[in-house]
Amino acid sequence: MTNIRKSHPLLKIMNDAFIDLPAPSNISSWWNFGSLLGVCLIMQILTGLFLAMHYTSDTTTAFSSVAHICRDVNYGWIIRYLHANGASMFFICLYIHVGRGLYYGSYTFLETWNVGIILLFTVMATAFMGYVLPWGQMSFWGATVITNLLSAIPYIGTTLVEWIWGGFSVDKATLTRFFAFHFILPFIITALVAVHLLFLHETGSNNPTGISSDMDKIPFHPYYTIKDILGALLLMLILLILVLFSPDLLGDPDNYTPANPLNTPPHIKPEWYFLFAYAILRSIPNKLGGVLALILSILILALIPMLHTSKQRSMMFRPISQCLFWVLVADLLTLTWIGGQPVEPPFIMIGQVASILYFSLILILMPVAGIIENRILKW
């Protein structure tokens, strides 16, 4: 008699995805971040659900409802901080996951990669709208500045911004719709994750060498289930240390001041995980140019499969490309730092140089490095 997990229509799907899935025997810990993102998503949906039970999306009560959650709701403080810092962990895992894909050439799985880019945009939109909900100073001004960028679109810009705001400024209508979208988007993300996995399981996982591992597969369970559980435990440990010892480390003190349209904070900046894109936006003096650079800084990922010139898939045996990859990582860290600094010398120049370097590395230097490496190997 066939095992029920192999015959039952529902269990069969679970079995083929998480138990009997053939996986390469040599995938390293960099492959853990996909499952960690799943853990983050589930945790964010659960903590978010409990927060939504007590939150009110009204400009007069939003700020005090968050304070009420922290003070009066049973374990409300830990739910709130798990949700806020969980977003930071989500983005750390996301960026490492994308970086892993870049380093090991996983972007040659085109469908999986493109769904991943859509996922990245959706998660960024969700996080942005979530940041607006506590209705602190940075929530309000962040929402005003970022939505206002759409006014740079020729002809329809101003109308579009007012349509998104639901009025002539960021107000009650904006907060209510942001809450509605912030609630629904994680479920859309979950559906996209299923599509992402569907495409991945059509081809099977990549591995550090970048060559086919068809002749050397092992079952996902117990080998990678145990490995993923260890990763998840480490993630939860780091998150709990952050939440229990310094929950406000990654936040902005300005967000503990209720939103005031009459008082602009001295430095308007988004959460730390958007600072690299914010730095690219600010490095261009023209509004429309800045907005285009901002969008392209993420959308450029879609061009990477077309810019792959090397005859090897992975960077594992390509030292020049490896050097450029780590320069790119350092450049993104520099941009993150610049995004949090005021717009004054020398930060303006550093931001502009780092922005030019970012696009140059991806569009010119890395493809050229691939060609040079082919020549060195006489391919």
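From the backbone N, Cα and C atoms, a Cβ is placed for every residue, glycine too.
Per Swiss-Prot, the features are as follows:
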type     : residues      : note
TRANSMEM : 33-53         : transmembrane segment
TRANSMEM : 77-98         : transmembrane segment
BINDING  : His83, His182 : heme b b562 binding site
BINDING  : His97, His196 : heme b b566 binding site
TRANSMEM : 113-133       : transmembrane segment
TRANSMEM : 178-198       : transmembrane segment
BINDING  : His201        : ubiquinone binding site
TRANSMEM : 226-246       : transmembrane segment
TRANSMEM : 288-308       : transmembrane segment
TRANSMEM : 320-340       : transmembrane segment
TRANSMEM : 347-367       : transmembrane segment
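Features per Swiss-Prot, on structure.
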{"residue": "His83", "record": "heme b b562 binding site", "Cβ neighbours (10 Å)": "21"}
{"residue": "His97", "record": "heme b b566 binding site", "Cβ neighbours (10 Å)": "20"}
{"residue": "His182", "record": "heme b b562 binding site", "Cβ neighbours (10 Å)": "21"}
{"residue": "His196", "record": "heme b b566 binding site", "Cβ neighbours (10 Å)": "21"}
{"residue": "His201", "record": "ubiquinone binding site", "Cβ neighbours (10 Å)": "14"}
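Contact check: the transmembrane segment (226-246) against the transmembrane segment (113-133) gives fewer than three Cβ pairs closer than 8 Å, residues 6 or more apart, which falls short of the contact criterion.
For the transmembrane segment (288-308), the list of distant contacts is 98, 102, 105, 107-108, 110, 113-114, 117, 120-121, 124, 149-150, 152-154, 276-278, 280-282, 355, 358-359, 362-363, 366-367, 370: same-chain residues at least six beyond its ends, Cβ to Cβ under 8 Å. Separation of the C-alpha atoms of the residue listed as 'ubiquinone binding site' and His97 (heme b b566 binding site): 17 Å, rounded to the nearest whole number. Only residues 6 or more beyond the boundaries of the transmembrane segment (33-53), in the same chain, are considered here, and those with a CB under 8 A from a CB of the stretch are 69, 79-80, 82-83, 86-87, 89-90, 93-94, 96-97, 100, 182-183, 186-187, 189-190, 193, 228, 231-232, 235-236.
Away from its own ends, the transmembrane segment (347-367) comes close to residues 279-280, 282-284, 293, 296-297, 300, 303-304, 307-309, 321, 324-325, 327-328, 331-332, 334-335, 338-339, 341 of its chain (Cβ-Cβ under 8 Å, at least six residues beyond either end). Under the three-state DSSP scheme, His201 (ubiquinone binding site) falls in the helix class. In the three-state DSSP assignment, the secondary structure recorded for His97 (heme b b566 binding site) is helix.
His196 (heme b b566 binding site) sits 21 Å from His182 (heme b b562 binding site), counting Cα to Cα.
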